[in-house]
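Chemist: Here's a structure for you.
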Amino acid sequence: MAKPAKRVAVTGAAGQIAYSLLFRIANGDLLGKDQPVILQLLDLPQAQGAVKGVVMELDDCAFPLLSGVVITDDPKVAFKDADVALLVGARPRSKGMERKDLLSANAEIFTVQGAALNEVASRDVKVLVVGNPANTNAYIAMKSAPDLPKKNFTAMLRLDHNRALSQLAAKSGKPVASIEKLAVWGNHSPTMYPDFRFATAEGESLLKLINDDVWNRDTFIPTVGKRGAAIIEARGLSSAASAANAAIDHVRDWVLGTNGKWVTMGIPSDGSYGIPEDIIYGVPVVCENGEYKRIEGLEIDAFSREKMDGTLAELLEERDGVAHLLKN
């Protein structure tokens, strides 16, 4: 007996990240190889032609799991009964644009989308915000959807997590899949703090294996934090395929579980680790039965506290910068 189709809404559907994302969702990479999906694609009126072109390509792949596609410029149509919502579209920073202008331009988008999710999405909708500034955009959407559980709203730190894994594997000579218990704390921005104090590879402590504080401080942390900028510098375009891959990883693990492995998600704070409630902050979690659970009680040393507070300060500044645009 085939499972009933799940509805997956994707915003910014004509964009580069979506182009790397949609075919993988239709192939079963997001929700499992036995789970049919209906894609509900949202983009601006002027992008509808481009979205139709992408849908022609989706049709031409003849994916067995793709049960249907909706194309729209109306968030209430895109989010109708959505089980998963990937909020990829956001206002990019244009030349000469101040950060506060970027925040308010995105606040406009994410208040509307949060309100639409509140009105029409499944009450169990799993929301992942990919569009930057992702943590604050997720916060805005969450605050604009008072009837949905706060825990439904998450921001993507998985790209930073995967970038950190890759750097640690290269430095230690261990296979990337063998590395466990990595954490990335804070904002999806260069202030984030990738933390491998607890990490192991094949049962060995990575901290002992690498044993290089200078590398950690002067190479590892900045490399992970500035990787996006390095890719733009090298490629002339921002990272799209790796971002799409991280979005798939994030939602797949949230839905299907991590088998006890730590992953990083930006989630609403419950006040632990000195992070004020409701701030969407990257923390290590494990997922099972469709729920994430933060790893609790980790020791925070002085260096980590300083790094965690630094990225928190940026998030608080962003939150305060959009406070006047939010109703609650």
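In case you wondered, yes, glycine gets a Cβ from its N, Cα and C as well.
The model shown is predicted, which means the values in this text are computed figures rather than measured ones.
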Chemist: Can you find which of Asn132, Asn135, Asn211, Asn216 Swiss-Prot lists as binding substrate at the same site as Arg93, Arg99, Arg163?
Modeler: Asn132
Chemist: Rounded to a whole angstrom, what is the C-alpha distance between Gln16 (NAD(+) binding site) and Asn132 (substrate binding site)?
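Modeler: That comes out at 14 Å between the alpha carbons.
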Chemist: Rank the binding-site residues Gln16, Gln113, Asn132 by the number of other Cβ atoms within 10 Å of each Cβ and report the first-ranked residue.
Modeler: Gln113
Chemist: Count the Cβ atoms, other than its own, that fall within 10 Å of the Cβ of Arg93 (substrate binding site), considering every protein chain shown.
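Modeler: Taking all protein chains shown, Arg93 (substrate binding site) has 15 Cβ neighbours within 10 Å.
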Chemist: Other than its own, how many Cβ atoms are within 10 Å of the Cβ belonging to Ala14 (NAD(+) binding site)?
Modeler: 21
